[in-house]
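Feature list (source: TrEMBL):
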DOMAIN    A:26-139  domain 'Transthyretin/hydroxyisourate hydrolase'
BINDING   A:His33, A:Arg73, A:Tyr137  substrate binding site
Amino acid sequence: MKTHRILHISNHILTANKGADMAALPSSPLSTHVLNTGLGIPAVQIALSLHFVDKSTGNWSLLNTGLTDADGRCPGLISEASFIPGVYKIRFETEQYWKNLGEDCFYPYVEIVFRVTNPFQKLHIPLLLSRFSYCTYRGS
Amino acid sequence: MQTAEDCSPLTTHVLNTGDGVPAARMAVSLHRLDPQMILWSLVSVGTTDVDGRCPGLVTKEAFTPGMYKIRFETGQYWESLGQCCLHPYVEVVFTVVNPDQKLHLPLLFSRFSYSTHSAS
């Protein structure tokens, strides 16, 4: 059985993995969804991290880390209280993900940098990923 | 950095899919991660032409195996058109294993989305 199928099925059997460092927060105002377009499946257990930039110094600070679940989602990225206007980035460990599937990948990681102007509006940042391409857009 | 002929082993093509036009006059920069994997160093800067291309990104001699990133100043581009956007800039980080193989990295973008892929 191919490695990616084992990972996909095992995540249905195991209890839902909400990530090592994340509490099960009610509903994060920011969400993501990672899809492996090369294989036509959700990207399961891809490591990701959320960062926020300090406007005065330009330095990034780490807000949260996690792993995508069986659906390629990562609940509880951030709390409503923490979701303030500013510039964020989500970093996806794409090379490690493909390595776990026994493949190489053109992109060692993918960082999507985005601006939040209205923190009361839910923001969905999906990533559609293959070994040699990716795309992202503002979803709902 | 731009030359009449594009002999660069790395090329890009930036397309504004929101308006259906090439993205002209967008600032683009190429960076390489140093072998100690600590800092990014600037390789070149340029501006896209009327076709959304940026000739002369890197010379064959400078294009050694390693990790690179192309940064596209998409936020500035939309600002110059009087529009806001979601992504203040786009950085595409990639690995070069075989520098003898020409690499083409297009960027298709709108105010709220972008996509990229590798073509040779």
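From the backbone N, Cα and C atoms, a Cβ is placed for every residue, glycine too.
In TrEMBL, annotation is done automatically, which means it is predicted and not curated.
Shown here: features listed in TrEMBL, placed on the structure.
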{"residue": "A:His33", "record": "substrate binding site", "DSSP class": "strand"}
{"residue": "A:Arg73", "record": "substrate binding site", "DSSP class": "strand"}
{"residue": "A:Tyr137", "record": "substrate binding site", "DSSP class": "strand"}
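Contacting chain B by the Cβ rule (under 8 Å between Cβ atoms), the binding-site residues A:His33, A:Arg73, A:Tyr137 reduce to A:Tyr137. For the domain 'Transthyretin/hydroxyisourate hydrolase' (A:26-139), the model's average pLDDT works out to 97. Within the same chain, residues at least 6 positions away in sequence whose Cβ sits under 8 Å from that of A:His33 (substrate binding site) are A:Pro42, A:Asp71, A:Gly72, A:Arg73, A:His124, A:Pro126, A:Leu127, A:Gly139. Counting Cβ atoms from all protein chains shown, A:Arg73 (substrate binding site) has 17 others lying within 10 Å of its own Cβ. Note on A:Tyr137 (substrate binding site): other Cβ atoms within 10 Å of its Cβ, all shown chains, come to 17.
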